[in-house]
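To keep things clear, I will list the structure first and then write my remarks on it.
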Amino acid sequence: MQATIFSPRATLFPCKPLLPSHNVNSRRPSIISCSAQSVTADPSPPITDTNKLNKYSSRITEPKSQGGSQAILHGVGLSDDDLLKPQIGISSVWYEGNTCNMHLLKLSEAVKEGVENAGMVGFRFNTIGVSDAISMGTRGMCFSLQSRDLIADSIETVMSAQWYDGNISIPGCDKNMPGTIMAMGRLNRPGIMVYGGTIKPGHFQDKTYDIVSAFQSYGEFVSGSISDEQRKTVLHHSCPGAGACGGMYTANTMASAIEAMGMSLPYSSSIPAEDPLKLDECRLAGKYLLELLKMDLKPRDIITPKSLRNAMVSVMALGGSTNAVLHLIAIARSVGLELTLDDFQKVSDAVPFLADLKPSGKYVMEDIHKIGGTPAVLRYLLELGLMDGDCMTVTGQTLAQNLENVPSLTEGQEIIRPLSNPIKETGHIQILRGDLAPDGSVAKITGKEGLYFSGPALVFEGEESMLAAISADPMSFKGTVVVIRGEGPKGGPGMPEMLTPTSAIMGAGLGKECALLTDGRFSGGSHGFVVGHICPEAQEGGPIGLIKNGDIITIDIGKKRIDTQVSPEEMNDRRKKWTAPAYKVNRGVLYKYIKNVQSASDGCVTDE
């Protein structure tokens, strides 16, 4: 079977049954034929009890004792013939209150159409989501990271209870992507992720805006560099339509990494949300999933140590979010593999930072689409010898086979640097240890901040007190190491992101004049001299909970150390006097999270 994968830079449409004709502003998809036949498996093996396509759903559709199950399925419209078809669970993270997710219901309709055209039965169901941008800077952000595990739990629950044979998930926002892949890893049934796509940038009076522009406008306002009217103008033009936040923030980081890992179709991570090609991808997903069922090719065949390394290479080369560390560790654990902080450091030492993308750079994901998309970037990384091309993907072919006929990056493009002129010779994600982070921490160092910072601690119990202080006197932060603690997985709870504090610092013009440390996380939109994921967290008695105002803290990226000048004797005295703070919640979903969540260095998983 030959199916079509598409590129935005080409002259011909593929066959009409797969991609109906439409106007895509001269970016017409090229025909890249990728056989879904495995190099080792017969593409059409005889159906037996072990390899029949509906081997899961037949548990409820075939036994006469399951009459109740069959009655319900007839009630929702299935015929007797339909009961013999594979049933595909189509899980959408649709909800109206977020630009990242508001269009996913429409995409799920196209996925269902493709599933049915492939001769299968598609059943759509929804899972929950949290808008990080809406909840950022409030206690609502405590619910963000745990939504990843709720997404995984809910997809696993429905897929298992309903006996679906395969899964196509349609995520949009940051935690959606790892949540859907974690569910696929746990289930280990054929699955494909269809990314909802990136938003286009906003424009007003020759200026370009995105969501981070909106966050940084507050710091610019409190520092007096813009008026309140100018601030509101930024807000009105930062999010001009559907799609995930447009820079190499967490959503686009994870979508690119998952494509590099092989769990989404080529171009999935770079086709913008509102481009007609996104609907074409949705319709193609069913055809590819049918082939995965025939081959019995499952997530644990695709997510391997080598493909996880490919994902890490993508994160480093593109300047991706530090959240990828948490999420890739959690994805690895969902398939029974161990990924450690040291694995990230090894990749960071070997892979240069090449992409001039926001938040630290100039361009956005839509610009990657215009120069050939993620496959062109992956082909470049493969040609440099940075990726393993032998890894299997959801096309039924290896990564190298998928990329063999992909057009190279557009000649003259300036987004992806040549190896001879990287933004940074090694990766921007650095794993730091020391007496302040004995179990590790994650720094995001793009090279623009410098590689060394030392200064007195300015300690805050939570981000809200820090925001009040910088609003009152921004210049008091100059030269300090800002410490925001009590924001870890258990202490936050939920390890909230510190985008509002970092944006306030950057907006106030202090990006090179102070550092920020936290046992919480950073948004993919955060930049500056920032170190997060400090372990152990303050709630668990970590050294970050013992720091006092004025203590000298030194961050040395070259030595990969984060230390304080407080003597061991003094730290021991402080530890003896320390008592664990009371949990901030004692009921509900966050309390369950506190009781189950592992440390940041273990991916904040909740099912171990």
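Cβ from N, Cα, C; glycine included.
Note that the structure is a prediction, hence the values are computed from the model and not measured.
In Swiss-Prot, the [2Fe-2S] cluster site is described by C173, C245, and among C100, C142, C282 the residue recorded at this site is C100. Per Swiss-Prot, Mg(2+) is bound by D132, E497; the candidate from D82, D165, D174, D473 named for the same site is D174.
Per Swiss-Prot, the annotated N-acetylserine among residues S35, S92, S108, S307 corresponds to S35.
Geometry remark: E497 (Mg(2+) binding site) versus S523 (active site, proton acceptor), CA distance 5 Å. Neighbouring residues of the recorded [2Fe-2S] cluster site, listed in sequence order and excluding C100, C173, C245, comprise N98, T99, N101, S131, D132, A133, G172, D174, I199, G243, A244, Y249, A251 (Cβ within 8 Å of the Cβ centroid). Counting in whole angstrom, C100 ([2Fe-2S] cluster binding site) lies 9 from D174 (Mg(2+) binding site) by their C-alpha atoms. Calculated from their C-alpha atoms, the gap between C173 ([2Fe-2S] cluster binding site) and S523 (active site, proton acceptor) amounts to 12 Å.
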